[in-house]
Amino acid sequence: MIDKLALRLSQYPARLKFALWVLLLCITTLTGIQLWQGGAKIQSDILAMLPKIQEDPLTETALARVEEQLSNTVYIALLAEDESQAITAAQTLIESLSSDNRGAFVDIRSADINQAQALNHFYFNHRFNLLTQAQATALSSGKLSELIEQAQSQLYNAFGYANSSLIANDPLLLYPDNLRALAPKQTLQVQQGILLGQWSPTEADESSNPPTKVAAIVMAKGVGSAFNPNTQELQMAVLQEAFETVESQNKQIAFLKAGALFHASAATKSAKSEVSTLGLASLIGVSLLVWLAFRSVMPLGIALLTITTSLLSAVVMTLLIFSELHLLTLVFGTSLIGIAIDYNFHFYCERLAQAEKSANDIIKQIFPAISLALLTSVLAYSGIGLAPFPGMQQVAVFCAAGLFGAYITLSLAYPLLAAGPLPSGEKPLTMAAAYLKKLNSISQLLNIKTGMALLFISVILAAFGLHRLTSDDDIRNLQQSPESVLNEEQQLRSILSGGTDNQFLLVRGETEEQLLQRLEILTPKLNNAVEEGLIGNAFSLSNYLPSKSKQESNYHLQGLIYQQHLAKIFESLGLDDSLSSDLVEAYQKAKGSYIDAESFISSDAGKLFKPLWIKPTPLQDQYGAIVLLGGITEIDKLESFFTEQPYVQLVDKVGEISGVMGQYRQLTLWLLAIAMAIAALIFSTRFGIKLAAFVVAVPALSAVLTLSLLGLIGAPLTLFHALALILVFGIGVDYSLFFAESKQQSRGVMMAVFMSASSTILAFGLLAFSSTPAIHSFGLTLLLGIGFTFMLSPFIQTFTRTFK
Amino acid sequence: MKTRERPYSTWFAIGLLRGKSVFGLLLLLNLSIFNCHATQSSNYDTLFKSSADNERLQALAERLIIGENASGSFTQHRTLKVLKKPLISHGRFIFDYRLGLVWQQTQPFETTLILKEGELIQIDSAGRRQVSQAGSNQGAAAIAQTMPKLLSALLSGNLSDLSEHFNLYLKADDTRSEPQEGEPAHWQLGLIPKDPLLVKAIPQMVLEGDKQVSALILLSDNGDSSRIEFEQISKAPLSQEQRLLLSDKQGEDSPKVQPEAKPEPYP
C-alpha cells in the first residue's frame, strides 16, 4: 500500500507538489500569526505541566486557596547597620513601589497598623464572650480576688495598658490578654510601621561581615501570575528600579528576596538561555555535519529549510491545541532539530549513493521507509502524550507536528527544491561501507561459543544494572532553583523565624458550630505536635473564632463579675461608682451576640483570614477550615497523628503528585512494551515476522541496556527516563527500519543512520547538560539509548544477508 | 526523611507569612477608639510649641550626663479619671548602661520589672514571675523597646539617640541669661514619639529637671496622667547587691511562668 502511495505521489509534477507545499506553509504561517495576536503566550509555570489530580470539591477549593495565597507574594528584607537606616530604606522602598504606575504590585506593606486596629475594633464588642484559659479557670474556681489583684497591679503600671477608657468598659482588664492571645509569638519588632528583624550572617561569611544587621521587612502582592514571563519581567523591573532608588539614597543597604516570583524568574532565565545555547549548539553541530558530509551549500540550505518548517508547524500546532507554549516544551523542542533533519539525511545519503537517480526517484524509493518512520515516531509520541502531564502532552504534540512538517516538506518540496546535482561524495560513502564491512567481519568472527559468552556477560551486567535501578518520583526535583535564590530565601525564613509549608490540614464539619468545636479539639493536638517536633508551627482559626458553646460559657462566667461581684470589684479598685450601671447594661445587651465566621471574615479584621474558611457551595455542602503548618519534619508520622480525628485531612499535593508520577512511570514502561508489540505487528505485514521481530529487538535491547546502565551509574529512574525511552524506541526503530528496507544497498543507509544518530545525539545529548533535572534525565537517556541503537542497528543487515 | 527545604515546597512555604506581624504592638493601641474626651492638660501647651534646636539640646545634654549607671528612688502619682483618688506608689530603680534596668515598686505592694537584653521579667506581688522575650508579645515589646531607650538616653544624657525616636521640645529658663553658678535653671523637655503606634499609647511625655532629671510625666489624650518623681539619684557605682538584682540571678532556680502554650498563629 505504501509502495502504491509512493508511486502515485511520484507521478504528480514537482511544481504542483511544490505549489501545494507553499500553500500549506502559508496557511500554517497565517494561523500562527493569528494565534499569536489572539493572545497565545509562553508559559513557564512548572505547575502547569504537572498532572491534574481529581479531588473532592472542598479539597480542591482549599488547594486553590493556599496556592493562590502562596504564589503571588514577594518578601523583601532590607539589611542595614542600624534601625533608623533600615526604616528609612523600607519607607523609600514602599513609597517607590507604590508610586509606580505600571500596576505590578498591590498591597505593598510592612507592619499593618490598620489591621491591628481592626482586630481590636472587632473583638472589643465581643469582650463579654472572650476569656483566656487562665481567666476562665480563675472565674470558675472562685478565684475572683486573683483577677482583682492582677488588675490592681496593672493600674499602678504607668507604662502598661490600663487607662480610664479601658477600665470604664472592662474593670478587671480582662480584654487585653484575650487580644494578646490572638497575636503570634514573634521575634519581629514594629517601629514606625515597619517590621524589623535581626539578620545574622551565615557561618561562611562571618569573618567578612559585621556580626548582625537590622532587617526591615517589606511585603507586596504581585498582580497576575508570577509564572507568566511578561508579568515576571514587569515585576522584576519594577523591583529593580525600587531597589536602585533605595540604593541611591543609601549605598550600604543590602537586599534579600523571597517568593515564587524569584524562582519562576530564575527558571525562565535558565530555560531561555538553555533554549538559545542548546538550540544554537545543536544547529551549528548539525550544519557542520551536513557540510562535512555533502560539501555543498544546497543540502545545508535544504536542511535549514526543513528544520524551519518543522519548527513552524510544531509551534503553530501546539498553540492551536493548547493556546500556550510551555517553556519546557521549547527546551525539549530544540531536540526536534535533531530528528527533523533525519529525513533530510536519508534523502541526501541515498542521492549520494545513487547519483544516477533523480530526486523524485529517490523520494519514491525512500518514501515507504520514511512513512513508516513517521508512523512509529508519532506512535511513540502518542505514548508520551498519554501521560497526564499537560506539559508532556505539549511536548508530544510539538514533536509530532514538527516531524509531520518535515515529512511534508520532504515529500512535497524536495522534488523541486532539492533536484540540483550534488558534488560526488564517494569519501563518506566509502567510509560508511568500510565501517559496515568491519562490523560484518566482526559478526562473522563470532562463533557460537564466544557469542554465548558475550551474551552471558551482557545478561549478567544488564541484570546487575537493572537490579540496582532505583526510582525517585519526587516532583520537587523538577524545579532546581539556583543556589543564590534558595540561599536568600533561607535567610529570609530565618529572619521571619519559620514559614508555612505547602502541606496543610483541612478540617471539615457539617455545620459551622461543629467545625469550630472540632478546631477547638484540634488545638491541643497541634500543641502536642509542636512539642514533639513533628511541626514547627501551626495556624488555626480557632483562636479567632471560638465556638458558640465556648462563647456562651464565657459569657456565663463573666456574669460572676457583672451580676454578682461588681460592687466588691469597684470597692477594691477604687472605681467611680457611676460607671457601674453602664457596665451592667453593656453586659446584658451583649447577651446572644456571638462572634460568627461570616461576620469575622467579612470584617476588616478578618479579611486576611478569609482564604482559610470555606463555606458550603452548590458543589459541596460541608464547611471547611484550613490549618496551616510550618516546619514539618516527618510527614508520615504527622499523617498518622490525626487518625483519631477522621474529619482532619492532611493535604499534601506534592506527595500526591509524586505518587501519580510514579504510577505513570510504570505505566509508561508498559506502554513502551505494548508500542513495541504493535510496531512489530505492523512491520510483520511488510517484512515477515522474523525480520519484524529483529527490527523491534534493536530498540528493545537498547532500552534494556540503557536502563541497566542508568542502574549502574546510580541514577534513580523517573518518569522522564521512561518517556525518553519511548522516544529512543521511536527514533531508534527508524534506524533498523532503514536497514531492513535497504536490503543489499546499505552504504547510503549506513551513512544516513550515522548522520542521523550523530545529529540526534547532538540535539538530545546536549539536553543532558541542562540544569533542569527533568530535561537532564531525558537527554541522558536518549544519549545512551540512541548510542546503543546506533551500534546495534547495522547488525540487521547481517541478519538480512544471512537469512534472506 | 527528605528535607522539607526543597525548592518546590519553599515556593509555597514562605507563603502565608502574609500578615504574620500585623499584630505588632497591638496592645499599645491604647484602645484609642474610646478616647472620646480629648482633654489636653494645658500646662504643657507652650512647651509643645517650642521645638528644641540642637544647640540648646546639646547644652542640656552636657549638663545631664551622669555616667554609665544610676540608682535612686521614685514616687509615682497616677491619676486616672475613673478612679476616686490618685494612685500613689513608691519604689526604687537601678540602671546600668550595659546590664539594664530594675524598676521595683515597694509601696503599696511589691512588684518588680527587670529589663535586660530584650528580656522583660515581671514579678508580681505574689512572687510569680513572668518572662517574655522582647517582641514575643506586644505589651512586652513596647515597654522593652521604649523604656530602656528612653531611660538610658535620659540618664546617660544621650539626646541624639532620643531625637531618633521622639520629636523634642525644650523650654528652659536659661534663654534669658547665662545660668548662675550653683543655681541651675529649671527646664522641661517635651517628647512626642515618632512611631505611630507608640504615639497612640503615650501621646506626650515631659521630662523635668534642673541640675538633674527630677520628674517624668506621661500624658494621655483622655485626661489620665502619671507623674514619676525621681529622688536621691546616685551616680555612684552600683553595689554588689544592686548588680545581683540586675543580673537577676535568683530567677534561674525559680520556675518561670510561661505564657500559655499555643500554636504560633499567623496566616
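Including glycine, each Cβ sits where the backbone N, Cα and C put it.
Residues annotated as transmembrane segment in TrEMBL: A:18-36 (among others).
According to TrEMBL, the feature domain 'Membrane transport protein MMPL' maps to A:199-419.
The transmembrane segment annotation in TrEMBL covers A:275-294 (among others).
The feature transmembrane segment is assigned by TrEMBL to A:301-321 (among others).
What TrEMBL records for A:327-345 (among others) is transmembrane segment.
Beyond the transmembrane segment (A:366-389), the same-chain residues lying 6 or more positions past its ends with a Cβ under 8 Å from any Cβ of the stretch are 2-3, 5-6, 9-10, 49-52, 339, 342-343, 346-347, 350, 395-397, 399-400, 403-404, 407, 410-411, 660, 664, 667-668, 671-672, 675, 678-679, 682-683, 686, 719, 723, 726-727, 729-731, 733-734, 737-738, 741. Among the features that TrEMBL reports, transmembrane segment is placed at A:366-389 (among others).
The transmembrane segment feature in TrEMBL is assigned to A:395-417 (among others). For the transmembrane segment (A:395-417), same-chain residues at least 6 beyond its ends with a Cβ under 8 Å from one of its own Cβ atoms are 9-10, 14-15, 17-18, 20-21, 24, 28, 302, 305-307, 309-318, 321-322, 328-329, 332-333, 335-336, 339-341, 343-344, 347, 359-360, 363, 367, 370-371, 374, 377-378, 381-382, 384-385.
Annotation comment: TrEMBL describes A:446-466 (among others) as transmembrane segment. Same-chain neighbours of the transmembrane segment (A:446-466): 704-705, 707-712, counting only residues six or more beyond its ends whose CB sits under 8 Å from a CB of the stretch.
Marked as transmembrane segment by TrEMBL: A:667-684 (among others).
Summarising the annotation, TrEMBL assigns transmembrane segment to A:691-713 (among others).
Positions annotated as transmembrane segment by TrEMBL: A:719-737 (among others). Remote same-chain residues near the transmembrane segment (A:719-737) are listed as 339, 342, 369, 372-373, 376-377, 379-381, 383-384, 387, 392, 473, 661-662, 664-665, 668-669, 671-672, 675-676, 679, 683, 694-696, 698-700, 702-703, 706-707, 710, 753, 756-757, 760, 774-775, 777-782, 785-786, 788-790, 792-793, 796 (criterion: CB distance under 8 Å, separation of at least six residues from the stretch ends).
Under the heading transmembrane segment, TrEMBL lists A:749-769 (among others).
If you look up TrEMBL, you'll see A:775-796 (among others) marked as transmembrane segment.
The listed stretches are A:301-321, A:667-684, A:691-713, A:749-769, A:775-796; of these, A:301-321 has the most Cβ pairs under 8 Å to the transmembrane segment (A:18-36). Outside the transmembrane segment (A:749-769), and at least 6 residues removed from its termini, the chain residues within Cβ reach (under 8 Å) are 278, 281-282, 285-286, 289-290, 293, 331-332, 334-339, 341-342, 345-346, 348-350, 352-353, 428-429, 431-433, 435-436, 731, 734-735, 738-739, 741-742, 775-776, 778-780, 782-783, 786-787, 789-790, 793-794.
Here the transmembrane segment (A:667-684) has long-range neighbours at 372, 375-376, 379-380, 383-384, 386-387, 691-693, 695-696, 699-700, 703, 719, 722-723, 725-726, 729, 733, 737, 740, meaning same-chain residues at least 6 beyond its ends whose C-beta is under 8 angstroms from one of its own. Remote same-chain residues near the transmembrane segment (A:691-713) are listed as 458, 461-470, 672, 676, 679-681, 683-684, 721, 725, 728-729, 732-733, 735-737, 740, 780-781, 784-786, 788-789, 792-793, 795-796, 799-800, 803 (criterion: CB distance under 8 Å, separation of at least six residues from the stretch ends). Per-residue pLDDT, averaged over the domain 'Membrane transport protein MMPL' (A:199-419), rounds to 80.
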